[in-house]
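Okay, structure first, notes after.
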Amino acid sequence: MSAVPALEVRGLVKHYPGVKALDGVDLIVRQNEVLGLAGENGAGKSTLLKALVGLVAPDAGEIYVRGEPVKLRSVVDAADHGIGMVFQEQSLVPNLTAAENIVLGSEGAAVRRGIYRWDAMRRLAQEQLDKIGSHIDPLARTDTLTFAERQMVEIAKVLRIEERSQHPPVIILDEPTSVLESKEIETLFAQIRRLREFASVVFVSHRLDEVLDVCDRVTVLRSGQSVGEVATAGAVPRELHRMMIGSTGSDDHYHENAAAPVTAEQPRLSVRGLSGKSFHDIDLDVAAGEIVAIVGVHGSGREDVCRALFGAEPTTAGEIRMDGKKIDLPNTRAACAAGIGYVPAERKIEGMVGSMSVAENMTLTKQKARCTGPFVAPKKQATLVDSWIRRLSIRTPNRDTAIGRLSGGNQQKVVLARWLVGGDIRLLLLDHPTRGLDIGARSEVYRLMRELAASGVATVLLADSLEEAIGMADRILVMNDGRVATEVACPSGGKPSPLDLVKEMV
Amino acid sequence: MTAEEVVTAPRRQSRRGASFRDAGPPVALIVIFGIFAALSPQFRSIDNVQNIVDAAAVLAVVTCGITFVLMMGSIDLSAAGVMGASALTVSLLVANNRNDNDFGLLGILVAVLLGCAFGCLSGLALVLLKVPSFMATLGVSAIGLGVATLMFAGVQPNISDAMLESWAIERFLGFAYLTWIAAACILVGWLIQRYTRLGRYAYAIGGAEEVLTLSGVRVKPYKIAVFTLAGAFYGLGGVMVTSQLGAGLVQAGDGYDFSAITAAVVGGTLLTGGRGGILHSAVGVLLVMVLTNGLVQVGVSPYWQGGVEGLIVVAAVAAAVIPQRRRNQVVK
Amino acid sequence: MKITPRPAAAIMSLSLAAAVLTGCSSEQAGGEDTSASEAGCKSADVRLVGQVRNESNPYEASWLAGGDAFAQSVGLKQERLTYDGDSTKQQEQISQLLAGDTKCLVMNVLPNGDSDTPPIVKGADQAGAYLVTQWNKPADLKPADYKTWISHITYNGVESGQQIGDALATAIGGTGGIIALQGILDTAAAKDRFAGLEASLKKNSGVKLLDQQAANFSRAEALTVTKTLLTKHGDNVKGIWAANDDMALGALEALQQAGKAGKVAVVGIDAVPDAITAIQGGKMTATVSSDGTWQGGIGLAIGYCVATGKLKVADIAADNRAFFAKQFLVTKDNAADFAQPKSNPADYECGNVFNRVAGPLT
């Protein structure tokens with residue numbers, strides 16, 4: 001092993017409005033090693049990776065490639081320095097052949113004067129595929145390949161930078177295992193070990209056992225800082241996890257004082273045997289005023305369960321009852337009518353209409369609340385919207401401001417208010433309600449959730465972090481591979497430890 | 001989302017060539033042809049088959065052009081204007097009754113180059129001024145019609161150029177020269193689509209433009225080039241209409257923009273981009289022509305034809321997209 | 001050609017450029033407000049406006065040329081307006097005109113469709129502008145009910161359809177099969193002209209209508225449709241009846257491509273220059289002329305006469321307020337007269353402006 005690290009990062013800082021995504025990260029990737037990168041959601045992993053391939057310009061700090069300081073301005077720039085990334089959402093053109101994807105952007109001899117030489121292209125691609133010992137037909141259309149095969153194509157594509165930079169490459173794999181089956185994961189790991197022969201690898205995964213399995217070393221990120229480095233030999237997941245979670249302040253971040261005891265005897269929401277494409281046989285009860293969190297790793301199916309409860313995901317079996325009354329499936333209108341509200345994770349895409357005003361967004365679903373007959377009653381709407389802007393202390397210049405111009409926290413409050421204006425909300429499904437929000441805004445959303453619970457609204461929460469789930473929930477459902485693994489009571493004062501939950505999750 | 005879609009995507013038999021979902025339009029073509037042939041003996045006569053293919057020539061050339069733009073996920077409504085301008089240009093440059101010009105082939109070349117220039121203009125407006133292709137090409141169409149009207153100046157130019165006139169009249173192996181020109185265009189279009197970076201990138205832009213950018217490909221020049229290429233096809237289309245009608249008409253391209261889009265979509269080149277191609281569109285053109293011809297041949301009343309044709313087109317497109325309809329997919 | 005089908009696309013976008021142009025032209029107009037009494041404008045103060053769909057077809061181009069010729073004869077200039085077959089644009093142009101000085105304004109307007117006429121008429125009536133409309137108006141809207149809407153001129157489509165039908169029957173010797181190319185089916189022009197053909201068929205019992213198809217007044221569509229019909233009916237086709245000349249010319253191309261040039265008689269309506277040439281050359285049998293040049297001049301002439309006080313609206317006979325104008329069957333014998341459309345100044349003398357009335361519009 002050579003003494004000069006293949007890649008080194010010192011004191012990297014990146015601010016986003018309201019958030020400090022990277023707060024002085026240090027990282028060393030040695031030559032011919034596999035470095036694991038671990039951290040909770042929001043720890044800064046993805047920002048760091050983007051900075052390494054030139055997609056994000058850091059505010060401060062240095063990146064060194066083989067000892068030389070570099071400025072990475074684009075993906076191409078990074079590739080010229082020998083850094084390439086296999087993206088989490090695969091970055092292949094689906095309607096081109098595998099070969100074309102592999103050489104895309106640096107076709108070399110495969111295209112002369114704009115004319116394709118398919119033979120040369122196939123050879124070129126085959127060279128790359130040979131490097132990883134893959135038997136994929138280079139001329140197969142990419143969208144006919146399986147996910148695992150496409151991942152191999154992507155790795156082969158990234159390996160093109162070896163010729164480009166004339167140096168051993170640094171390959172970054174962002175969550176490569178999240179949708180692979182165990183056999184495919186084994187193949188991938190064999191591949192990673194093979195890559196180590198001539199390259200350095202940065203491996204990012206939620207699954208700590210995998211990280212420990214395939215990596216030589218693990219760097220742990222928390223709140224935008226590197227908080228530790230562990231040699232994997234002899235390490236256990238628990239240890240890593242402790243570093244990832246850290247010892248957070250025990251002040252009442254989650255407003256636990258405001259948590260009201262749950263007294264209802266009959267469940268408000270009652271789910272029996274719900275099955276769909278990615279989840280099976282889900283049983284779930286939520287009482288009025290109760291907050292139930294569903295936790296699980298990426299791919300556990302919890303997002304789909306949440307959508308299914310709102311009727312936005314097809315189901316194959318099972319039933320959903322609200323206060324004992326069965327709901328039509330899958331039918332979002334029936335869900336709305338039954339008093340179910342859904343706050344989607346992709347706020348900007350699914351949660352709001354960015355160009356429309358606060359008032360329009362707030363009254364989008366419960367039209368009746370602002371209308372007289374078929375007509376919008378402007379006065380009625382104004383009074384209604386203004387009252388909710390006050391009650392939720394939404395900071396907006398006025399009700400006619402486009403929602404896209406508000407801060408994330410205030411946007412989220414408007415999205416929440418949409419379900420509240422009708423006054424008939426009985427169950428809220430919150431899918432990552434605090435995603436992308438800063439601490440202050442999070443706290444306000446938590447307070448709001450407590451208030452709603454106290455008023456008798458039942459809540460299903462998909463939390464952004466384990467910590468959040470434990471802090472907010474009265475009860476936690478752990479999902480693993482599409483099934484409910486266990487259910488853990490989580491009362492104020494008797495909170496379970498994250499590690500107990502993690503055991504069930506992986 | 002990507003991941004999910006892949007996991008559930010059905011495995012297809014062929015990984016290289018056309019997959020089963022591409023088979024819809026050709027099957028529809030054969031079925032519709034078969035039905036008409038059974039209903040009408042005139043329809044299945046050699047004469048009529050030649051007639052259908054001949055009638056498809058101009059539409060085929062225009063559709064070649066539009067297909068590249070559609071593959072890229074953009075839209076092009078400039079065909080009508082570009083064809084009008086090119087029709088007037090060529091009719092004033094070859095031997096005609098308005099002036100003493102007699103440039104022959106050179107005049108045709110100029111008309112095609114004019115089409116390129118208009119296409120380039122659409123591309124530049126899209127790429128540099130960020131005008132959506134819908135509006136940019138609509139504007140270019142208007143400019144084209146304006147230019148054509150200026151050249152028209154109140155008197156229809158009738159051509160007397162022997163070569164250009166012969167294109168519509170002379171036959172080789174039973175088909176008009178225009179039909180062979182159209183066949184050549186389809187071949188050239190297919191070669192461009194299959195063997196040039198321009199064609200492959202046009203396809204890729206429609207598939208996943210961001211990925212190209214992430215791979216360090218500069219997309220803009222290719223977009224401009226695609227519109228320019230399309231313009232060349234429209235220009236040639238305008239020349240061909242002039243040859244057919246024996247005169248340069250401002251309205252030479254009337255309706256071709258939407259017919260070409262219809263033909264392309266019916267053939268399986270979707271408006272969302274990244275699907276289909278020249279050969280698909282060629283099938284679409286034949287389908288549309290067989291339909292219009294067949295309805296006349298079997299004697300459907302002209303009062304019913306428009307509606308019946310529309311119904312069949314919608315049904316054909318619906319059948320073609322069934323295999324890839326996915327839940328919650330928004331169709332605009 | 002009276003109906004110019006255009007793709008919506010072109011219409012929408014052309015408006016942009018044209019709107020700028022019209023904006024300019026209405027500014028430079030607007031003469032001084034001399035204290036001319038009601039219906040007593042000085043000749044120099046009269047403002048002449050001719051409005052048609054577009055200048056890109058021979059018929060409407062000749063209309064505007066006729067308007068120019070008349071304007072010149074009285075020492076004025078015609079303002080040419082075109083609205084690209086876009087009803088909204090036509091209304092905008094009209095209201096822009098009416099917003100200016102309207103005292104001595106004379107408009108000769110081709111409304112886009114029947115429903116476009118009432119707002120134009122009402123606007124002109126309120127503003128006191130003199131208006132002559134041609135071709136399109138709803139049946140229950142009558143110039144006699146208005147003060148400044150002087151006349152509505154149109155042509156009897158049934159008559160012209162029949163005239164060429166008869167000419168076609170004669171050309172094929174009274175017996176044999178013909179095919180008909182219809183215009184845009186939901187237009188009055190297409191309906192009337194086809195009704196004329198049906199009347200002619202009744203009279204000429206030896207002539208058989210083999211097939212009828214819509215080719216939407218378009219030369220290109222007529223080409224395709226004719227080729228298809230020729231393969232369908234083969235040598236049975238002795239004649240082709242087209243509802244306008246553009247389609248007749250398309251049919252001629254189809255005949256040439258099918259190697260049947262000269263063997264099938266073709267008739268059309270409108271007398272566009274190419275059709276006249278074809279008739280002179282013996283390729284086409286007949287067409288009907290409404291004399292677009294005259295139409296462009298006469299509307300302005302009637303308005304001018306009233307505006308300058310030489311003609312009083314009250315004196316105009318009721319039958320002349322809305323009338324069918326005379327149309328002319330053009331055959332090889334008289335084609336030369338129509339080859340060079342020219343306006344005859346005598347037609348525009350205030351005493352002669354109603355000379356071509358063929359009958360009241362009922």
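Glycine is treated like the rest: Cβ placed from N, Cα and C.
Database features (TrEMBL):
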- B:20-40: transmembrane segment (TRANSMEM)
- B:52-70: transmembrane segment (TRANSMEM)
- B:77-97: transmembrane segment (TRANSMEM)
- B:103-129: transmembrane segment (TRANSMEM)
- B:136-155: transmembrane segment (TRANSMEM)
- B:175-192: transmembrane segment (TRANSMEM)
- B:224-243: transmembrane segment (TRANSMEM)
- B:255-271: transmembrane segment (TRANSMEM)
- B:278-296: transmembrane segment (TRANSMEM)
- B:302-322: transmembrane segment (TRANSMEM)
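If one looks beyond the transmembrane segment (B:52-70) by at least 6 residues along the same chain, the residues whose Cβ comes under 8 Å of a Cβ in the stretch are 76, 79, 83, 119, 133, 175-176, 178-179, 181-182, 185-186, 189, 192-193, 199, 202, 206, 226-227, 229-234, 236-237, 240-241, 244, 253, 256-257, 259-261, 263-265, 269-271, 273, 276-278, 280-282, 284-286, 288-290, 293. For the transmembrane segment (B:278-296), the partner stretch with the most Cβ pairs below 8 Å, chosen from B:20-40, B:77-97, B:103-129, B:136-155, B:255-271, is B:255-271.
Looking at B:103-129, B:175-192, B:255-271, the range that has the most CB pairs within less than 8 A of the transmembrane segment (B:20-40) turns out to be B:255-271.
By the count of Cβ pairs under 8 Å, the stretch nearest in packing to the transmembrane segment (B:77-97) among B:103-129, B:136-155, B:175-192 is B:136-155. Below 8 angstroms of C-beta separation, residues 50, 53-54, 56-58, 60-61, 64, 67-68, 166-169, 198-199, 229, 233, 236, 240, 243-244, 277-279, 282 of the same chain, each at least six residues beyond the ends of the transmembrane segment (B:175-192), sit close to that stretch.
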